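*Asks:* Structure below; questions to follow.
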Amino acid sequence: MSEKKINLLDLDRKAMRALFADLGEKPFRADQLMKWIYHFGVSDFEEMTNINKVLRQKLAARCEIVAPEISSYQKSTDGTIKFAIHVGEGQEVETVYIPEDDRATLCVSSQVGCALECTFCSTAQQGFNRNLTVSEIVGQIWRVSHFLGFAKDTGERPITNVVMMGMGEPLLNLANVIPAMDIMLDDFGFSLSKRRVTLSTSGVVPALDKLGDALDVALAVSIHAPNDELRDILVPVNKKYPLQEFLAGIRRYIAKSNANRGRVTVEYVMLDHINDSTEQAHELAQLMKDTPCKVNLIPFNPYPGSPYGRSSNSRIDRFSKVLMEYGLTVIVRKTRGDDIDAACGQLAGDIRDRTKRLAKKRMQENQISVTMN
């Protein structure tokens, strides 16, 4: 039985150099290889013309460069493109490309499904199967870059920003997310600025501390409620890591960080008559008074079976004005790609749920139906 080949997309520069040392090669050869992969999109060793033939043969014998395939894609009327990425066993994750005048952002997934159970998120309703590997995370960027055209072909960088805001909780897959983000930031990788790579978390505090020790990227935090009582319902991980504990972890992270310029982005989904009153706006402003931040208000994007509705523009406007009275910077996120279910909270993919969450939910619904009848 032949030995399984090493997928080079799984290796950050440190691991790549270790592999080359094992091959008896100097570190700069690893850097050359990374440039071929991430700057030029090359996956065939024979095309790497500044690497000698003997080394190319060694690499071909032991290694491969394999990214997950794009199964399908949909393009929104606003230019947003949602990609279904096949990750094996009939499963797909979703990745979203969001073009703007001054940037091109890719929203990347970190898990097949999500282990958290936020009640307003479509991904959470699908259950959870597994963590994505490093190659499956960076492979999303690599594949979409191929789809759009690498800079060598177009003269322009196809993706300028990456946000870890797709399917999954990135901090629950830290072992793979950290090397994946290392590759995003590496000059020999995708060469993105640390201010242009953003990780979004619902608040797994111990992992946030580990991230702060390992990497400096922009941080976005999913708050969504001004108090623990409501957040326990909307974001159940709050029962384990309540708001004050989460906020303390956020302050520790931004104290170490240059990428965040001294403040964090607070994400707050606007749910009609759930978390959008002026009283709750005052409460949120008070909650955040010791944590430097800007607030991103996200109009809720409904999905089939969702128990919530989107806040009206007038309620969002009133909420925003209250926050600004406290001196907070407030941005109301423009909804992108909702016509193809690519907007915030709408990503679902195709998942084999190992948590049996959907089955349990249907059983509970059936029991309620029987009781009512």
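Cβ atoms are placed via backbone N, Cα and C, with glycine included.
These came from Swiss-Prot, pasted as-is:
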ACT_SITE  Glu94  active site, proton acceptor
DOMAIN    100-339  domain 'Radical SAM core'
DISULFID  Cys107-Cys344  disulfide bond
BINDING   Cys114, Cys118, Cys121  [4Fe-4S] cluster binding site
BINDING   Gly168, Glu169, Ser200, Ser222, Ile223, His224, Asn301  S-adenosyl-L-methionine binding site
ACT_SITE  Cys344  active site, S-methylcysteine intermediate
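Give me the local environment of each listed feature.
*Replies:* In the three-state DSSP assignment, the secondary structure recorded for Glu94 (active site, proton acceptor) is strand.
Sequence-distant neighbours of Cys107 (disulfide bond) (same chain, 6+ apart, CB under 8 A from its CB) are Thr95, Val96, Tyr97, Ile98, Val163, Met165, Gly166. In the three-state DSSP scheme, Cys107 (disulfide bond) is classed as strand.
Around Cys118 ([4Fe-4S] cluster binding site), the same-chain residues at least 6 positions away in sequence with a Cβ under 8 Å from its Cβ are Ala124, Ser202, Ser222, His224, Leu234, Val235, Pro236. Under the three-state DSSP scheme, Cys118 ([4Fe-4S] cluster binding site) falls in the coil class.
Counting only residues at least six positions away in the same chain, the Cβ atoms of Val163, Met164, Met165, Pro170, Leu219, Ala220, Val221, Ser222, Glu267 sit under 8 Å from the Cβ of Ser200 (S-adenosyl-L-methionine binding site).
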*Asks:* What three-state secondary structure does DSSP assign to His224 (S-adenosyl-L-methionine binding site)?
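*Replies:* Looking at the DSSP assignment, His224 (S-adenosyl-L-methionine binding site) belongs to neither helix nor strand, so coil.
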*Asks:* Within the chain of Ile223 (S-adenosyl-L-methionine binding site), which residues six or more apart in sequence place their C-beta under 8 angstroms from its C-beta?
*Replies:* Arg231, Leu243, Val266, Glu267, Tyr268, Leu284, Leu287
*Asks:* Find, for the listed binding-site residues Ser222, Asn301, the residue with the lowest Cβ contact count at a 10 Å cut-off, counting only other Cβ atoms.
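*Replies:* Checked Ser222, Asn301; of these binding-site residues, fewest Cβ neighbours within 10 Å: Asn301.
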*Asks:* By CA-CA distance, flag whichever of Glu94, Cys114, Cys121 among the recorded positions is nearest to Glu169 (S-adenosyl-L-methionine binding site).
*Replies:* Cys114
